[in-house]
Amino acid sequence: MLRHAVRGWLAEHLPGAAPAVAVALSGGADSLALTAAAVVEAATVDALVVDHGLQPGSDAVAVAAAAQARTLGCRSARVLRVRVGSDGGLEAAAREARYAALGSARAGLPVLLGHTLDDQAETVLLGLARGSGARSIRGMAAYTPPWGRPLLGVRRADTRRLCADLGLTPHEDPHNRSAEFTRVRLRTEVLPLLEDVLGGGVAEALARTGRQLREDGAVLDALAADLASAAADAGDLRIETLATAPAALRRRAVRAWLLDSGAKAPTDRQLRAIDALVTAWRGQGGVAVGGGTPGMRLVAARERGRLTLRRQARSPAR
């Protein structure tokens, strides 16, 4: 099943001759099973093992994972040691450090990640609980270069089964059982309860919902990009062009424009306030968005029939 998933992913996203890929290997069952399948289906596989240094003995775990990768037939296996910061919490900081290390070490190759259907279900449920809109419950994409996820249709139980069949001993990360992490509690408490109450099939349904929303979102994003292009005027957006568009497309177009102009991802509240500059103009002031620099902030405003994004000096703290 895993080989079929990897083969299908390679055929869809990297068509042509059998490609070379990198695999992000933690030593856990998911990434270990992915590595085992990839060495059979891809031309060559380089394993990249990230040691976050967050637990005693993590260096030995990383070295053991690299050794397993070589035994499975990887062309190379490298241990990448990173320093995890504290911004945004431990989970987010570790993820940021991991992706940065993988991005630097991949040598131009696509990097396969071991996210499974179960991970996808957790991601969709977490996004739904946070109420951040359809974009947050699309889940993870099968391929956002250079990151590939061939196992999004595979259950976690299947990766464990393959490891057992191959005589592989995956590492059991203590963090994956720690109730201090939100995702762990979703995995061990919330999803099992939903499966029990609703009679099963919840993980598959959540993953399917995420996939459908991602497909729909891709179409809406393309239409919004066309709208933003039509409204573009020397870095600004023409109000008259935006005003006649459906609200959902207009907000998507404004969001894309903000991101392209250097702003951070805007909140729903910020987007709606900016939308009011287009559709409910009463002379109100601009809307501050994230992405400024020390001493400066980014402000979206309405000026002479256009939406503008300007840097303004921050008011001194009192």
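Glycine residues also receive a Cβ, built from the backbone N, Cα and C atoms like all the rest.
Per Swiss-Prot, the features are as follows:
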type	residues	note
BINDING	S26, G27, G28, A29, D30, S31	ATP binding site
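Projection of Swiss-Prot feature records onto the structure.
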residue	record	Cβ contacts under 8 Å, 6 or more apart
S26	ATP binding site	V49, V50, A65, G114, H171, D173
G27	ATP binding site	V49, V61, A62, A64, A65, Q68, P170, H171
G28	ATP binding site	G114, P170, H171, E172, D173, N176
A29	ATP binding site	R156, T159, R160, C163, P170
D30	ATP binding site	G114, H115, T116, D119, L151, R156, T159
S31	ATP binding site	V23, A24, L25, L113, G114
(message) Neighbours of the ATP site S26, G27, G28, A29, D30, S31: Cβ within 8 Å of the Cβ centroid, same chain, sequence order.
(response) L25, L32, A33, A65, G114, T159, P170, H171, D173
